[in-house]
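Database features (TrEMBL):
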type	residues	note
SIGNAL	1-30	signal peptide
DOMAIN	34-486	domain 'Glycoside hydrolase family 9'
ACT_SITE	His413	active site
ACT_SITE	Asp465	active site
ACT_SITE	Glu474	active site
Amino acid sequence: MPSSSTLHFLFPILFFSFTLFLSNSPIALGNPNYRDALAKSILFFQGQRSGRLPPPTSQHITWRGNSGLLDGQLAGVDLSGGYYDAGDNVKFNFPMAFTTTMLSWGYIEYGKKMGPQLASNREAIRWATDYLLKCARATPGKLYVGVGDPNADHKCWERPEDMDTPRSVYSVSASNPGSDVAAETAAALAAASIVFRKLDPTYSKLLLRTAKTVMQFAIQYRGSYSDSLGSAVCPFYCSYSGYTDELLWGAAWLFRATNEVYYLNLIRSLGANDATDIFSWDNKYAGARVLLARRSLVDKEQTFEPFRQQAEDFMCRILPNSPSSTTQYTAGGLMYKLSASNLEYVTAITFLLTTYSKYMATSKHTFNCGNLMVTSKTLRILAKRQVDYILGDNPMKMSYMVGYGSNYPRRIHHRGSSLPSLQDHPQSLGCEAGFQPFYYTPNPNQNILTGAIVGGPNQNDFFPDQRTDYSHSEPATYINAAIVGPLAYFAGIN
């Protein structure tokens, strides 16, 4: 996993105006195949699966095999399933739950535009929720939040199918609180309950019932899971922004799923008014505000006006020619937030741009950033620029989605992709056996992890394509989960 995504260091970058990078953009010459990219962005999740894989008819990334079948055994429970977060073999529930929430939100907003990918998106969501339900229901009063010792795992370079590192089990409880991971889990289950409401009402009710229980735990026993679990989650997925944003996010999703005033009152009681210019697995303020602003824009409910204003304040901090912009852009037009795993912020913020644009179009709404008038189209153009950049409209002429186009990263920082599959090498590869022949080699990866989006280029639009450069070359579930919605949006309007 991109542990360095937590090293918040910004490089000074020459600022280019929005109009300049749009007018100079070669996108008029290109024509991204959003439908192909959408299919691949969802297929990627099959390569991240943990547990017993389904038959070949449902498992199209065939170089993967069963793994982690005994996960949870050390705690006397079954915690098999779920996803590996990135290029390692650990299951971190904090980013996994956020991944699930974003896949569900994408389904809710853009499902009608997904066409043949609708069922595969639902399948990707359910692979996560089946696991999250186990974590929430296995032991009363306890929420399991991860499997696998990250410190031991990161010393090895081995296939998930060969794992021999400790599969330590981590949990939060009343005496060991984790409001952030619990509220994010509640958000994921609540959002997914909306996805399955019509297709599988029984499953949907189980998701929502569990979401309420987990949210209650998050509210009642307040504390950060980083404090409770220490080096098991830090510096990998520390909750740097605290847990108030997750309480807001979880309450917003439960309000969306239930319409119960209890959650609205909780939202009001949090006093979560921090301004922000980021959205990620760690910081959910902007996402919660866009979600709540829908009630103001689409449903015309006056009481949600403050959330609309906060959502628009966020947009003004993102738009490049806004007087209050705090967001830098590369010369090639890519939003540049942080030096490590920058595309995770680009895809998440792009999701908010397309979604708010959609709400604005529905209500014929505009707003101002100082003297700049912002329309639905303003946000859509910026979102499209980011998506097109990722798909190859950039100075490197490289797609940052593996398997999309002809020029894409070949040496991604990913164990399963870089090591020979069980079919090609049936003998077990031990902890360190993979380093010399497969990790340090300049040769391309053995297996193509179709659809994986990597951390992306640096502030100069340059990408070295080196396996050892994990802050740029490692894919992650939450990078992909956030772009599924925007890809469906552009696939559906073209």
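Backbone N, Cα and C define each Cβ position, glycine as well.
Because TrEMBL annotations are produced automatically, they should be read as predictions rather than curated entries.
Distribution of TrEMBL features across the structure.
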residue : record      : CB count, 10 Å
His413  : active site : 26
Asp465  : active site : 18
Glu474  : active site : 26
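Reported as a whole number, the C-alpha separation between Glu474 (active site) and Asp465 (active site) equals 10 Å. It is 9 Å from the Cα atom of Asp465 (active site) to that of His413 (active site).
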